[in-house]
Amino acid sequence: SATPTEEINGAGNLMDFLDEPFPDVGTYEDFHTIDWLREKSRDTDRHRKITCKSKESIWEFIKSLLDAWSGWLVMLLIGLLSGTLAGVIDLAVDWMTDLKEGVCLSALWYSHEQCCWTSNETTFADRDKCPQWQKWAELMTGYTEGAGVYLLNYFLYVLWALFFSFLAVSLVRVFAPYACGSGIPEIKTILSGFIIRGYLGKWTLLIKTVTLVLAVSSGLSLGKEGPLVHVACCCGNLFCSLFSKYSKNEGKRREVLSAAAAAGVSVAFGAPIGGVLFSLEEVSYYFPLKTLWRSFFAALVAAFTLRSINPFGNNRLVLFYVEYHTPWYMAELVPFILLGVFGGLWGTLFIRCNIAWCRRRKTTRLGKYPVLEVIVVTGITAVLAFPNPYTRRSTSELISELFNDCGALESSQLCDYINNPNMTRPVDDIPDRPAGPGVYSALWQLTLALVFKIVITIFTFGMKIPSGLFIPSMAVGAIAGRIVGIAVEQMAYHHHDWIIFKNWCRPGADCVTPGLYAMVGAAACLGGVTRMTVSLVVIMFELTGGLEYIVPLMAAAVTSKWVADAFGKEGIYEAHIQLNGYPYLDQDEFTHRTLATDVMRPRRNEPPLAVLTQDSTTVEDVETLIKDTDYNGFPVVVSRESERLIGFVQRRDLILNIKNARQKQDGVVSNSVVYFTEDAPQIPASNPQPLKLRRILNLSPFTVTDHTPMETVVDIFRKLGLRQCLVTRSGSLSPRLVIPMLQIVIKHLK
């Protein structure tokens, strides 16, 4: 234990309780906020002890080295596990998505693509057809065409989708209720210092991994990218429990979780640098330089692991790799910016409609039937998706096709242009051509797919299954972008003498790349929904390999954010945090002109402030105070008359210490005096033995005067991560307390 001098200076008081025989002192209850200053102080003290001990012997020196390297080891383990899980999820999703349509006879575990890779009878023109792959109707009836065959395939497609989604929602409901949704709003809240026990547990990790495969395979309008961040953070939490440095310190644990979030995005998109920036810009609350390096390392290991598994079979990290052969021109910035406007408007529409629907789910009987809701939405999605080839396939495949440039070897309907028979150009540089009937029918189907995706995603996001938002948002933008791209391409072809096309689009030149417009549209819509900017652009160019198209992506992302912010500052994750009532202090500027005295608790008409005195309160008084109030802690004052502040004591520490003293310390009874001073108070010999609790007293609680401006107080809460702040007047505790966790304050002022 600490020396008296250390205790007087307050240097050792936060660590004293670690020498106690019982483990829970200094921890937090569920749905409470951590005290960042206290956690930092505990870690500093722990580090000081290790440094002092390392000079005593070789063994202690080795232990100190192991402690220093444990952070990097945790990052390595997180990267390996999250990369492996992402690879397994990708492979399983491919197989199960294709299982809705047919089966590979040569090997049941092969997806459609893998099945036809191994076939010797596949032609280039019909690369999707091979005798080893059979659709369900063909397998059952022996026929490949006809109305009966179509209807049977339709029926089985819907049946498989319903089975997958029912299994997903049942597993979530029974085994891990926290495995539903995206997970990013809750992870943002946890990283800001909130405790949600079980949210990053082993069961959540297992069930989320399994149900994510089922949910994506069911064909619902959702993605796996957001949930992969949750899965990676579960991996981070799992490995934290192996090292006491992280398991016993909630502040240090959150540094690891920030890095895990970066690894999650790294494997979700194959974008390691984008993952680090995403964690920094979008998710993390406290992100020191050390965490930046470790995030970079975790993202690198995760990406390397995923690349080793090679789930896409193209020896690349990403599914959407593109190679465009033409540059972009200044005049094209106009349609790019218009796509940015569309992305901002779609983001605003989606957030408002989705939040309204989720609020309705919370406040009406709809929320009591999660399984039925998932089944109904899946049924509607499958029934409407099957007739349209662009909604029938997985959303990732759709985006991949929309991003692709039309080469000479493309067999897609989107590439059904009328070729000039006299064309003698190299294959890579095909000039703009008039659209054929396939392109026009594809445009109609894409327009219907756009409306369908916009509407169905509003009702899908937030259901009781794992559901990401990145891929559906990108799909909406990619469809809109491809439509705009084809329109601009045809205008440039038919009206190349117009002044806007004259300077850069000569007849017979390859001027406009519709796939680039799809890419820009995808970035715009994703930015409109999430309000990301820097990380979004980096993720997009890592995702596609389109490094020279950074300026169009930046223009669309910034326009999208401006337009969306004009209608409301919060993105979809902040909106869901607010809807669920999580205590999250955002980084916006504080605009109210108020003082600390205006928001102190309790108010004038409420009971007086609950305090403890330093040497005149009995155990019974303390127990009564704990029973009658629900405060997280109590100020300790010299006496009721002077109210000069001595320190602050946590409710949980009080409960545990009194319980422990009653069990293990002789003579401690209800009328024993509790004292927080260095020396015991003068009490008659006939009185029972007093109880000393100085070691759980925080001698340096954060205080402000009652005339401190609220913008200063808000800044203090943000930057220091305080749990509460005591308000004093002339050195004494103000008769009305404390500024508690600041969300209450903000809501009161609004």
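Just so it is clear, glycine is given a Cβ too, placed from its N, Cα and C backbone atoms.
The domain 'CBS' annotation in TrEMBL covers 600-664.
Within its own chain, the transmembrane segment (69-93) is flanked in space by residues 209, 212-213, 216-217, 224, 228, 231-232, 235-236, 238-240, 242-243, 245-246, 256, 259-260, 263-264, 267-268, 290, 294, 297-306, 308-312, 394, which lie at least six positions past its ends and keep a Cβ under 8 Å from the stretch. Residues or ranges marked as transmembrane segment by TrEMBL: 69-93 (among others).
Here TrEMBL flags 154-176 (among others) as transmembrane segment. Within its own chain, the transmembrane segment (154-176) is flanked in space by residues 96, 99-101, 136-137, 201, 203-204, 206-208, 210-211, 214-215, 217-220, 370-371, 374-375, 378-379, 381-383, 386-387, 392, 463-466, which lie at least six positions past its ends and keep a Cβ under 8 Å from the stretch.
Annotated transmembrane segment per TrEMBL: 196-216 (among others), in sequence order. Beyond its flanks by at least six residues, the transmembrane segment (196-216) meets 30-31, 85, 88-89, 92-93, 96-97, 164-165, 167-169, 171-172, 175-176, 178-179, 183, 186, 189-190, 222-224, 227-228, 230-231, 233-238, 257, 394, 465-467 of its own chain at Cβ-Cβ distances under 8 Å.
Residues or ranges marked as transmembrane segment by TrEMBL: 228-244 (among others). Outside the transmembrane segment (228-244) by six or more residues, the chain places 70, 74, 77-78, 81-82, 85-86, 89, 182-184, 186-187, 190, 200-202, 204-205, 208-209, 212, 253, 256-257, 259-261, 263-265, 267-268, 283, 302, 466, 468 with a CB less than 8 A from a CB of the stretch.
Under the heading transmembrane segment, TrEMBL lists 256-280 (among others).
Look at TrEMBL and you will find 329-351 (among others) tagged as transmembrane segment.
Among the features that TrEMBL reports, transmembrane segment is placed at 371-390 (among others).
The feature transmembrane segment is assigned by TrEMBL to 442-462 (among others). Outside the transmembrane segment (442-462) by six or more residues, the chain places 181-182, 220-222, 346, 349-350, 353-354, 357-358, 361, 377, 380-381, 384-385, 388-391, 398, 413-414, 416, 469, 472-473, 475-476, 479-480, 482-483, 486, 572, 576 with a CB less than 8 A from a CB of the stretch.
Here the transmembrane segment (469-488) has Cβ contacts under 8 Å with residues 182, 221-226, 268-269, 332, 335, 338-339, 342-343, 346-347, 350, 390, 395-396, 398-399, 402-403, 414, 435, 439, 443, 446-447, 449-450, 453-454, 457, 460-461, 512-526, 528-530, 572 of the same chain, all six or more residues outside its ends. Per TrEMBL, transmembrane segment is recorded for 469-488 (among others).
Marked as transmembrane segment by TrEMBL: 516-541 (among others).
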DSSP-wise, what's the residue breakdown of the domain 'CBS' (600-664) into helix, strand and coil? 24 helix, 16 strand, 25 coil
Against which stretches of its own chain does the transmembrane segment (256-280) lie, if we need a Cβ under 8 Å and a gap of at least six residues from its ends? 71, 74-75, 78-79, 82-83, 85-87, 187, 190-191, 200, 224-226, 228-233, 235-237, 239-240, 246, 286-287, 291-292, 294-303, 305-307, 316-319, 470, 532, 534-535, 538-539, 542-543
Compute the average pLDDT of the predicted model within the domain 'CBS' (600-664). 84
